[in-house]
């Protein structure tokens with residue numbers, strides 16, 4: 001299934017004079033970050049920069065389902081009060097290991113960058129993601145990163161905000177990845193870029209929401225044994241065929257690279 005400018009009143013061909021337009025990428029590859037690109041939850045990881053590498057009980061007890069972004073705002077305020085500065089946060093983010101096989105997948109994508117447009121949608125924060133990806137050497141692979149805004153204020157505190165507001169009942173209040181992905185595809189269609197397929201690589205419940213909108217031409221890569229994988233299995237049991245995308249679970253991201261390699265061979 002092609003997603004392009006069909007239906008939005010725009011021509012699907014570039015009208016250049018004397019030269020051909022560069023060929024757009026054929027595939028959109030969407031990554032999650034926590035426990036997908038990296039092998040930890042980065043919100044948990046930064047506690048290593050706190051005094052005693054732990055949070056006090058009165059902070060931990062304020063965590064509520066669906067309001068994790070607000071909880072992390074309190075965590076970061078506490079860490080700021082304890083004197084944790086940018087360098088300490090940066091050191092933790094840079095030390096978080098990549099998930100098994102992820103370097104193999106990134107190296108494969110680097111070799112075939114003209115075929116893949118790569119974006120990242122994460123409920124972590126921009127500062128942490130940028131630190132981790134730059135340290136790993138793969139930051140330049142991503143055309144766009146969607147995550148919660150974060151910055152250091154005049155006190156030197158790392159501050160965090162919500163990404164947006166939405167009406168999805170299945171996602172946390174600060175981010176619906178389905179909304180982000182849907183709007184991105186619409187934006188690219190307006191820019192006359194079409195994708196033959198969308199590939200979605202994730203692990204969490206908030207990755208299930210966008211992957212449930214994929215078509216039969218697309219592929220969902222849930223990390224094996226994680227919430228996204230379990231939720232795809234549950235949907236298939238309750239509503240066979242309702243989850244349209246092909247489901248390819250992975251333990252090592254090298255398996256994703258091999259799947260994509262086989263796909264390219266069949267082109």
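Just so it is clear, glycine is given a Cβ too, placed from its N, Cα and C backbone atoms.
Keep in mind the model is a prediction, meaning the values are calculated, not measured.
According to TrEMBL, the protein has these features:
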ACT_SITE  32  active site, nucleophile
BINDING   32, 34, 203  Mg(2+) binding site
ACT_SITE  34  active site, proton donor
BINDING   43, 123  substrate binding site
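The Cβ neighbour count for residue 123 (substrate binding site), using a 10 Å radius over every protein chain in view, is 25. It is 14 Å from the Cα atom of residue 43 (substrate binding site) to that of residue 32 (active site, nucleophile). Taking the mean position of the Cβ atoms of 32, 34, 203 as the Mg(2+) site, the remaining same-chain residues with a Cβ inside 8 Å of that point are 33, 35, 36, 37, 122, 202, 204, 207, 223, 226.
Reported as a whole number, the C-alpha separation between residue 34 (Mg(2+) binding site) and residue 123 (substrate binding site) equals 8 Å. Spatially close to the residue listed as 'active site, nucleophile' yet at least six residues away along the chain are 120, 121, 122, 201, 202, 203, 204, 207, judged by Cβ distances under 8 angstroms. Of the binding-site residues 34, 43, 34 has the largest number of other Cβ atoms within 10 Å of its own Cβ. Cβ contacts within 10 Å of residue 203 (Mg(2+) binding site), excluding its own Cβ and spanning all protein chains shown: 25.
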